[in-house]
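Working notes, structure below.
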Amino acid sequence: MELKNLFPIFWFVLVGFAVVSAQECGKTGFFVPQSRYETNRGLLLSSLPSNVSARGGFYNSSIGQGPDRVYALGMCIEGAEPDVCSDCIEYASNLLLDTCLNQTEGLAWPEKRILCMVRYSNSSFFGSLKAEPHFYIHNVDDITSNLTEFDQVWEELARRMIASTTSPSSKRKYYAADVAALTAFQIIYALMQCTPDLSLEDCHICLRQSVGDYETCCNGKQGGIVYRASCVFRWELFPFSEAFSRISLAPPPQSPAFPTLPAVTNTATKKGSITISIGIVWAIIIPTVIVVFLVLLALGFVVYRRRKSYQGSSTDITITHSLQFDFKAIEDATNKFSESNIIGRGGFGEVFMGVLNGTEVAIKRLSKASRQGAREFKNEVVVVAKLHHRNLVKLLGFCLEGEEKILVYEFVPNKSLDYFLFDPTKQGQLDWTKRYNIIRGITRGILYLHQDSRLTIIHRDLKASNILLDADMNPKIADFGMARIFGIDQSGANTKKIAGTRGYMPPEYVRQGQFSTRSDVYSFGVLVLEIICGRNNRFIHQSDTTVENLVTYAWRLWRNDSPLELVDPTISENCETEEVTRCIHIALLCVQHNPTDRPSLSTINMMLINNSYVLPDPQQPGFFFPIISNQERDGLDSMNRSNPQTINDVTITDFEPR
């Protein structure tokens, strides 16, 4: 029978794709940050998405010489669409770059619509079997049918698949997707795959080891997945891959769900004057049973959805409760919000340094004039608490009592980027190497918000004062007070009131209230120009007849083939001119007038780590002011001396589908 029957379709809707992933960073070898090995690793991993998808789902290569040589491999599950494969490989590569900070080996098996694998090392592993590291994840649900019978069917299915995967005569070596029936309405779905650079013998060994892990990891569970560096094996009681829709399955040996109907021609039963055909009886009973079954299935679906919703809500409540601090504890930590504890002020309130449970923290006390309600405040806390990335400031907790709304963040000792960048006496502490590292770190942080986190998050207020610096001058993006969350099918939104900081906001946002991930890209471009020139984005270049803002000034220098005139004099003597020029080029691509012309953060990241990536010519930026007369300059001077204004209006947002 074909697997496109009614029950698997309902089961697929009920269960959906389970999100599984695993990763491992090596523990024996390490490289020096910003070394040639790190550069080679970034270049090679950035090349994998396009190469793997273009070569049928598998690609391996190496780059560099001697101890700086990096070997890498990427593989997608057989049959994956090229664009889906590319997205998964890109996600895996970025995952390794963000988590394996200085390890010379790394392995990631993420699932992003499909299952894929990326692996890198400082020694060649191509064509070699590596059984370790291995890890597994099992389904949380137990088997409810006969376990002995399940094991027998499962073992026969695994044996058959290994034979198919490693047979020299097989049409699809190194891969198998197959099914086996437990009952009329319960089917085991399984998939296994080796890296195709292995010998068939090594593939057989790898898969046998993975099958052998069943007793250890997943006995009695409805499903599981075993990852190894050279192969993967997964099974479930639901169709977790599109590959299963193309597989035919013979009817199970068990008794059918309904008894076989006897052959009835004109047989009838008489009672009084009523004559009832047995065929009519069956014609009534069978449809009734089917209808009842479907109704029960639909009710089960509704209960499942409500339970999932309840579980999600409960999880959020648990997270919120575990993060909540008592107001008295906050008062004590800040010496009753003493002026001497203030380390910053912003549009939403003041930031205090404090000590909670023996740990230094930054405590942000929102202004009582803030219109953000308690419910929205809690939602923001739950969302930010789930963000975990080395280039994002970590939220430790909150306090919500009466009119008090307080956020508790990790303490970042070196204050914010603007503290160093715009102070002539401190600019020298940021040499080009540090500035380039800050640009790279901000890129990774925004990429996580836009693409790699569970939700797509638009920051909407990227600026130098919202980039904090840790003890090693690594950047951490802060202040999510204006952030907006996009759903899976949302690519943009409109707002009737503007929130953000002048100079960093793109034209489509200021004029029409439209914002998207490309709004953050525009702000990022302005920020990069500030980092390079060491001056604020407000009007910085003045002559006897003209005043230009930063974007206009950078564009004019670019058009005049003199972009390096933009560079901060404190670093101009000791900077990599090619890197600086490339960063200016990328920044100008980010501030282009048309949002669709601006690159995505994943593309920007690739532009930064892969110098062979050809950059397109930038178009005229948004807010291009060619000449501002001398008569207007006095007013601009006063604006230049003032602090940048952040507009904190309440927003009314309409979302647009992709």
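Glycine too: its Cβ is placed from the backbone N, Cα and C atoms.
According to Swiss-Prot, the protein has these features:
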type: CARBOHYD; residues: Asn51; note: N-linked glycosylation site
type: CARBOHYD; residues: Asn60; note: N-linked glycosylation site
type: CARBOHYD; residues: Asn102; note: N-linked glycosylation site
type: CARBOHYD; residues: Asn122; note: N-linked glycosylation site
type: CARBOHYD; residues: Asn146; note: N-linked glycosylation site
type: TRANSMEM; residues: 278-298; note: transmembrane segment
type: TOPO_DOM; residues: 299-658; note: topological domain 'Cytoplasmic'
type: MOD_RES; residues: Tyr409; note: phosphotyrosine
type: MOD_RES; residues: Tyr509; note: phosphotyrosine
Next on the checklist: On the 0 to 100 pLDDT scale, where does the topological domain 'Cytoplasmic' (299-658) sit on average?
Outcome noted: 79
Next on the checklist: Cα-Cα, whole number of Å: Asn122 (N-linked glycosylation site) versus Tyr509 (phosphotyrosine)?
Outcome noted: 46
Checklist entry - Looking only at DSSP and grouping its letters into three states, which state does Asn102 (N-linked glycosylation site) belong to? => result coil
Item to check | Local Cβ density at Asn102 (N-linked glycosylation site) - other Cβ atoms counted within 10 Å | outcome: 13
Checklist entry - Within 10 angstroms of the C-beta of Asn51 (N-linked glycosylation site), what count of other C-beta atoms is obtained when all protein chains are considered? => result 17
Next on the checklist: Among the glycosylation sites Asn60, Asn122, Asn146, which residue has the fewest other Cβ atoms within 10 Å of its own Cβ?
Outcome noted: Asn146
Checklist entry - Can you count the other CB atoms that lie within 10 A of the CB of Tyr509 (phosphotyrosine)? => result 24
Checklist entry - Of the recorded positions Asn51, Asn60, Asn102, Tyr409, Tyr509, which sits closest to Asn146 (N-linked glycosylation site) by Cα distance? => result Asn60
Item to check | Tyr409 (phosphotyrosine) CB neighbourhood, other CB atoms within 10 A | outcome: 21
Next on the checklist: Quick check: of the recorded positions listed here (Asn60, Tyr409, Tyr509), which one has the Cα closest to that of Asn51 (N-linked glycosylation site)?
Outcome noted: Asn60
Item to check | Cα-nearest neighbour of Tyr409 (phosphotyrosine) within the listed recorded positions, Asn60, Asn102, Tyr509 | outcome: Asn102
Checklist outcome for this item: Simplified to three states, DSSP reports Tyr509 (phosphotyrosine) as helix
